[in-house]
Amino acid sequence: MTTVRQRRVGKGTEAAEDQPSEETNVKPDGKIPPDPPGGKLWNILSITVGGIVAISLGLLTSVYVATLHENDLWFSNIKEVEREISFRTECGLYYSYYKQMIQAASIQQGLHGLVYDNKTESVRTINILERMNVYQEVFLSILYRILPIQQYLEPVYFYIYTLFGLQAVYVIALYVTSWLLSGTWLSGLLAACWYITNRVDTTRVEFTIPLRENWALPFFAVQIAAITYLLRTHLQPAQERLTLMAVFIATFLFSLTWQFNQFMMLIQALALFILDCLDMLPTAKVTWLYIIQISGLLLVCVLQFFNSMILGSLVISFNVSVLIARTIQKNLKKGGLLNRLGKLILHVLLVLCLTLLINKFIKKILNLESDEHIFKFLKAKFGFGATRDFDANLYLCEEAFGLLPLNTFSRLSSTLLFYVYGFVLFLLTVAAVIVAFRNLSGSNQAQLKEKVEEYTVTLKPDAAYSLAHTVLFGCLALSTMRMKYLWTSHMCVFASFGLCSAEVWKLLLKCLHLYTSQRTQVIKYSVPIITLLYISFKFWPGIMDELSELREFYDPDTVELMNWIKSNTPSTAVFAGSMQLLAGVKLCTGRTLTNHPHYEDKNLRERTKQIYQIYAKRSPGEVHGILRSFGTDYVILEDSICYERRHSRGCRLRDLLDVANGHIMDGLGENEPDLKPSVYPRFCEEIKKNLPSYTMHFTRVFQNKTFHVYKLAKHK
């Protein structure tokens, strides 16, 4: 079991004013008056200072997480096999392709090995570039080979430093988004500080470096920043074109680097759809964003050798449906309140029906079943019937796919982030409801306009998008803990924007009948500065203590196993075992696997369920036959799975297998009435007794406190 232990070692000044809000000083004819004398110089100075602060904070964050990673594992001092073992589960699988490309005789040979891979899944040849999002590993390995850095920097450091460098991009993008929303770079500074002080809930890059989300989320943040700028008014045509290009590039890179891209894009498309229906965003810009999503995903689909999971994604079906429905209903945004509501309900139903029809048609044509486990999981998770499906239950029983724990909110509240977020969310939600009602009513009465003027000022299109984005991704995070990182990072942006926004304070002060322009400006700067001072004084000592705490990677049993495999088994040997362990086997030894953690393939899911019968109640002959059908030479049994205590009864892997096989579960507790006792004992326990019925099929060749390796007899 991998652990970390205590390491054994020997004995600014803020500018007074920032960019003006884009809504101020606009003449009736729509033209923006020239800046007063000195105003242009002041804006340049503010942008320069704000830019320097953004880059500095980004680099500091990058160094911070890199230092935490080094201090936690003593990465620079441990052996190569220990470094590779530290890339846990699927992280190790992804990194193995980077290592494979580096070690290949040439770039062409390395690419050929990925396109025609027969070591990731035994007795099958698969295209890694089609099945997995590993273009980033390919690009990085090629870059490492062509740059003159081999004698100065080890491949593993080039890899992890790139990921830590992307954290700088991530923080800068969050900073810029908050700055664009509020008009002051003080907001960006506060967003970055919140991101750092809430690190436990905003990122996990320091201990899951190669995870796909750590590649993808920085590009997603860049995309959101570009969309925020795109939704501003008074953009010149050239600015708009450049911004659309930035949105497309960021969307493409985000989609290329994460297999869950389609689901995140669907939520984003839903946000755009809702706001467009309520007339809160310019329809032309929303249309461009739909097209960019479709084109970005289709380009990724081409690069992934026409990956059917992308073609059958809901987001493509949804975006196409919206564009078709809009063509059919041309007068959607005309008429009174009841007329608009009727058209809107019809429009939503039309889009929903078209989405389901198009998606069903595509999946039928392509015979697509790669993502069915996700929908089974969602169906069971939200209470649409219990399931005995092994794959769905495997997700349901993992804490990462459960509801967001309540202690998350106490941690976020300790930095004041959640309190401020709730305050801003409430104010802007009220504003959104009023603005939506006004838009749907179609009233142009001057009196009504004056009544809601304060609301419309605080809900510009970019702010409206930010509100919809944070609400929808908040719902995702609340339902699935693993997705909280998409929400908490934007929470930092949203809260800091609200705290530094003149429009938000203007709205609040007018409601309290305390509004004056001078008071708004004082509060706009004083409250964020006080918040920053509070965060600094409270959390700076803790950050320094964290940086001074030295630990060491310690997993001698896994190291011993990997060394034994490399020294005592042929390079062509095929290994079976748990998905998590086998990813490390491939990375550390290069041996062929029967299964692995990248679960987005129906055949692999069925294969994994069969391999996992080593932890079920099956006869030795049945298990041997299953393993040999996949070409297995060695099987690795783990005591931590066979005698698992991490999960409660009903969620242990052996329980999931028992239920799927129709057998009653071990231990005290209820069982479903149709489950029956198995006629065979549990394989992983019984094999250790060396009974003749087992030794005729399996010979133990290695064991330590954690692992037992058995060689399979090759019966004809």
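Cβ atoms are placed via backbone N, Cα and C, with glycine included.
Among the ranges 243-260, 459-476, the stretch that TrEMBL annotates as transmembrane segment is 243-260. If one looks beyond the transmembrane segment (493-516) by at least 6 residues along the same chain, the residues whose Cβ comes under 8 Å of a Cβ in the stretch are 21, 23, 174, 177-178, 181-184, 186-188, 190-191, 194, 417, 420-421, 423-425, 427-428, 431, 454-455, 457-458, 460, 463, 466-467, 470, 523-525, 527-528, 531. Sequence-remote contacts of a segment are chain residues at least 6 beyond its ends whose Cβ falls under 8 Å from one of its Cβ atoms, and for the transmembrane segment (296-324) they are 127, 129-131, 133, 135, 248, 251-252, 254-256, 259, 261-263, 265-266, 269-270, 273, 287, 290, 350-352, 354-356, 358-359, 362-363, 366, 368, 370-371, 600.
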